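> For reference, TrEMBL lists these features for the protein:
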| type | residues | note |
| --- | --- | --- |
| ACT_SITE | His206 | active site, pros-phosphohistidine intermediate |
| ACT_SITE | His353 | active site, pros-phosphohistidine intermediate |
| BINDING | Lys99, Phe145, Arg173, Thr179, Arg193, Asn203 | ATP binding site |
| DOMAIN | 3-91 | domain 'DM10' |
Amino acid sequence: MPADGRYAFLVEWLDPQAQLLRQYMLFYYTVDRTIEMDDVKNRRKFLRRCEFPTITFEDLYVGGTVSVYSRELNIVDYGDEFTKSAIEKKSERTLGLIKPDAFLKVGKIVDAIYKDGFRVAQLRTLQLTRRDAMEFYAEHEGKPFYPALTEFMSSGPIVAMELVADGAIQKWRKLIGPTNTFTAQKEAPSSLRALFGTDGTRNACHGSDSTASADRELGFFFGSPSRFPSTARFNNCTLAVIKPHAVKNGHAGAILDGIIEDGFEISALQLFNMTRTNASEFLEVYKGVLPEYSKLAEELSNGPCFALEVRSENAVQALRELIGPHDPELARVLRPTTLRAQFGVDKVMNAIHCTDLPEDGQLEVEYFFRILQNN
Ligand SMILES: Nc1ncnc2c1ncn2[C@@H]1O[C@H](COP(=O)(O)OP(=O)(O)OP(=O)(O)O)[C@@H](O)[C@H]1O
């Protein structure tokens, strides 16, 4: 937790009725976890200081989104120097990779990442070509392990992540452990490389070693989104979306792991920050059908979510079995081992969206992995 104080953020809200971009100063008081908002243009109080449990200090960073009474507020800047320096100090960025040998451990690794207090700002699956791997590891060119390393790194899908925390670079290197898996097993047996690595080269994870390399490496993976095509296959598939409340409560890793352990293939995975407009468009079919339609759209745009292309035989039906009834209360009584029974709260915060109808599996995957990803 940061030093007690009043933290200020400049936020913007697109007023759909007036088609105006409205600006507010949002204040967060750490001492009693209350918020307050001023209208910037009219210099008037917009929201009196009040408790607002759905917004936590961790949700407040430039580029983030918070929802206040159904208004989706984009945080565009810090409101003062005190806030800027306090937040930037705890916002170091690093590149984390899950290498091909640990791809199936993505759930366990994501779980460890959240438990260690990181924020995941970006995450996506991708497949490196041999040439990509050679470029990424160019500093090792000429070393005896270089051919095996680049061959290994392009041998299957990997997960690239932008991880944010106070001292993220060292924190992540500590979590992954020593480079060599066997050394890690001796010296840091609970580290990710000790648990999930294979040998000296196939060592489960990568982490940047300095701010300069973090900048370069984040640019390599996230600088131009079209550089790495989606790993989605768009066949025999269904869509699952781990909802923002479940991500915020640290359940994303356990849900991913539950899906993998049940024998499904996760062929594409990406973190998205959905706008309210996108969420409403995606859920349009439920308009007039589910009374909670607009709350569902609000929840889906309430923070980062994880979208997954999941593949298996009869993918849509099979995944629905694992995820369970729409209403988690019902799920806890009827199907207590399902994912919604374990991680859902109510009909809106029911942990996971999954495709309903077999004919919609591919379409829903396309919405995230073709339309949104290329936006
Ligand atoms: N002596 C070695 N024998 C085999 N493979 C090695 C050796 N040294 C490094 N590697 C491989 O090359 C990668 C890059 O090496 P580097 O020295 O940069 O290690 P690191 O910084 O701990 O790992 P990374 O850069 O992947 O986080 C290692 O993660 C490992 O996969």
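Cβ from N, Cα, C; glycine included.
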> Just name the most isolated of the binding-site residues Thr179, Asn203, going by other Cβ atoms within 10 Å of its Cβ.
Thr179
> Taking ligand 1 as the reference, state which of the recorded positions Lys99, Phe145, Thr179, Asn203, His353 have a Cβ closer than 6 Å to one of its atoms.
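Cβ under 6 Å from ligand 1: Phe145, Thr179, Asn203.
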> For His206 (active site, pros-phosphohistidine intermediate) and Thr179 (ATP binding site), determine the Cα separation and express it in whole Å.
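So the alpha carbons of His206 (active site, pros-phosphohistidine intermediate) and Thr179 (ATP binding site) sit roughly 9 Å from each other.
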> How far is it from Lys99 (ATP binding site) to His353 (active site, pros-phosphohistidine intermediate), counting Cα to Cα, in Å?
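Per the Cα atoms, Lys99 (ATP binding site) and His353 (active site, pros-phosphohistidine intermediate) stand 28 Å apart.
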> Max CA to CA distance in Å over the ATP-binding set Lys99, Phe145, Arg173, Thr179, Arg193, Asn203?
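Of all Cα pairs among the recorded ATP binders, the widest measures 21 Å.
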> If H, G and I count as helix, E and B as strand, and all else as coil, what does DSSP give for His206 (active site, pros-phosphohistidine intermediate)?
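Reduced to three states, the DSSP call for His206 (active site, pros-phosphohistidine intermediate) is strand.
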> Which whole number is the mean pLDDT over the domain 'DM10' (3-91)?
92
> For the domain 'DM10' (3-91), DSSP counts of helix, strand and coil?
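Counting residues per DSSP class in the domain 'DM10' (3-91), I get 12 helix, 46 strand, 31 coil.
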